[in-house]
């Protein structure tokens, strides 16, 4: 194969560290640099090695060479600690594509600061109000080389969009509502605390079911224009640490039995969407999907039809690792046009 794609990561939080794990296990990408102003290299090593959800890193031994370098086995990764993205000298490390995973620089102008340091492309690991959004398996072929800043959308959009695409392509969606029952994330509080923009979101994450807003369903209309204005949704944050589940309730254009819908999803999961969309008829629960790298795993036993035009569909996702794997897939896709 050709030269590896050299990548950098800005923000070594949940997604940043998991993107690093995914990248380090692949032979088509090479992690060359990480920037995080809030953690030292020795603490970075600890946080990467030990993970409460995904377990201990058992691949290459991770050591600190010095305050600016980590060693994964013998492979050096440069570490920066700049608060301002335009100050990060990505070019000095050869990093071509940057994963912007701080959660702070999510619009085009802010993310474009990475280009000043020599990056060629930036992938935002969050929804963006103005950067083009891509969901692998759904619309990544709409990517054009002139797009320097793009978004990998959200974990929930990555779960919902492949499922919605199959249903809309086969049966047509008149309209629909989505609910995601979503694991807690780093923005939530361990005990009741201040959250002026979202009062409910400030309540203790570990023993509440917390209704919340999500733009994930509306964002499907951005990656699948045929569904624009046809879907919206909301979220319940629940006290699990990883894996979430989408409940998509839709009105169909074409009448279909639940068995026909299951067959269509199974066929796509074994065809064009293999590795992205999964299918199971097992009696699964959420922890069964920790570590699953697929974007969306349809639970055939959990869904239900009211009639042949009104149906509830259920699909699981590891909102951390599945999403992080798609970030790397998107890197590989856009690198073909560098």
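Going from the start of the chain as shown, residues are counted 1 onward.
Cβ atoms here come from the backbone N, Cα and C positions, even for glycine.
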Same-site residue for NAD(+) (record: Swiss-Prot; known: 14, 15, 83, 319; options: 36, 66, 96, 299): 36
Given Swiss-Prot lists 154, 155, 156, 185, 214, 215 for D-glyceraldehyde 3-phosphate, the same-site residue among 237, 251, 294: 237
Looking at the recorded positions 83, 182, 319, whose Cα is closest in space to that of residue 214 (D-glyceraldehyde 3-phosphate binding site)? 182
Fewest other C-beta atoms within 10 angstroms, as judged across 156, 214, which are the binding-site residues: 214
Taking residues 154, 155, 156, 185, 214, 215, 237, which bind D-glyceraldehyde 3-phosphate in the record, the widest Cα spacing (Å, whole number): 16
I need the CA-to-CA distance for residue 182 (site 'Activates thiol group during catalysis') versus residue 156 (D-glyceraldehyde 3-phosphate binding site), whole Å please. 9
For the binding-site residues listed here (154, 185, 319), tell me which residue's CB has the most neighbouring CB atoms inside 10 Å. 319
Which binding-site residues from the set 14, 15, 36, 83, 319 come within 10 angstroms of residue 154 (D-glyceraldehyde 3-phosphate binding site), judged by C-alpha positions? 319
Please give me the CB contact count at 10 A for residue 15 (NAD(+) binding site), counting all chains in the structure. 26
